[in-house]
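Structure record follows, encoded as C-alpha cells.
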Amino acid sequence: MDVVEQQWRRFVDAVDNGIVEFMEHEKPNKLNEGKLFTSTEEMMALIVGYLAFVVLGSAFMKAFVDKPFELKFLKLVHNIFLTGLSMYMATECARQAYLGGYKLFGNPMEKGTESHAPGMANIIYIFYVSKFLEFLDTVFMILGKKWKQLSFLHVYHHASISFIWGIIARFAPGGDAYFSTILNSSVHVVLYGYYASTTLGYTFMRPLRPYITTIQLTQFMAMVVQSVYDYYNPCDYPQPLVKLLFWYMLTMLGLFGNFFVQQYLKPKAPKKQKTI
C-alpha cells in the first residue's frame, strides 16, 4: 500500500505542478479556498475513479451480468434534480452578473472585495461540483448496459469538463467564467428536462433530439466567439483559460458535429430482414 500511496502522491503532485505551470504561476483565488473538491487530490480522485469505473464497471457488466439493471426511478430523480439545479445555477449566475454590472464579454476576474464576488464564486463552485453529479449519467449507462451511448465523446466530455472547471473554480471563479456557466446551465435545463421526459416514457419528445444537439453546438460556437474576443481584447482574466476555452470548444464542436452527422444526416443502412 505504501508503494501505491507514493505513486498516487507523485501523480497528484505532477498534475498540481502542471496546473500551476499552465496558469503561469498565478496564485489560486481565495474565494473558494478550502471548499470540498477544490484541491487537486480530491478532484483527481473523482476523475480517476470515474475513468476506472468506466473500464472496470463495463468489463464486469459484460462478463458477469446478463440483464441490465432497471433504474427508472433513480434516473428520473437524477434528471429532475439536475434540471432544477441547472435552472437555479443559470438564474443565480445571471443575478450575480447583474449585481456586478457585467457586460457580455471582457469581464475581469474580481479582486474579492466586490459585494457580489463571493456569490459569483460560490455559484461557479456549485456549477463545478455539478459536473461530478453528471458522472451518474455514465453510471446509469453502464448499469443499464447502454453500450451505444457509452461513446468516447461521452466519457471524454465528462472527464475533461470536470477537470477544466476544477481549475476555473480554484483560480478564476468569476469574471468571464459567468458566460459559460449561464449558457451551459441553460442548455442543461433543456437536456435534463428531455431526459426526464423520456425516462417517463414520453416518446413524443424523441423528435427533439437533433434540435437539442443543435442547441449544444450553438453553445460551443458562442463560447469560441467569447474566447476569440477575450484573446484579442484582454482584460484582467487569466489568458491561459481563454486559450483553453478556445481549443477545448473546438474539440467539442468536432466531436458533437460528427455525432450530429452520424446520427441525423448520414443515411441509415436498411435493416436486414430475418430469413427462415
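Cβ atoms are placed via backbone N, Cα and C, with glycine included.
Features reported for this protein in TrEMBL:
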TRANSMEM  43-61  transmembrane segment
TRANSMEM  73-90  transmembrane segment
TRANSMEM  123-143  transmembrane segment
TRANSMEM  155-172  transmembrane segment
TRANSMEM  178-196  transmembrane segment
TRANSMEM  208-225  transmembrane segment
TRANSMEM  245-265  transmembrane segment
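Among the stretches 43-61, 123-143, 155-172, 178-196, 245-265, the one making the largest number of Cβ pairs under 8 Å with the transmembrane segment (208-225) is 245-265. Highlighted: of the candidate stretches 43-61, 73-90, 155-172, 178-196, 155-172 has the greatest count of Cβ pairs under 8 Å to the transmembrane segment (245-265). Two recorded stretches are said to be in contact when at least 3 C-beta pairs lie under 8 angstroms, sequence spacing 6 or more; the transmembrane segment (73-90) and the transmembrane segment (155-172) fall short of this definition. At the 8 Å Cβ cutoff, the transmembrane segment (178-196) and the transmembrane segment (123-143) share at least 3 close pairs (sequence separation 6 or more) and count as touching.
Residues 32, 35-38, 46, 50, 53-54, 57-58, 61, 68-69, 71, 74-75, 78, 81-82, 85-86, 89, 92-93, 96, 149-150, 154-155, 158, 161-162, 165-166, 168-169, 173-174, 177-178, 181, 184-185 of the same chain sit 6 or more residues outside the transmembrane segment (123-143) yet have a Cβ under 8 Å from a Cβ within it.
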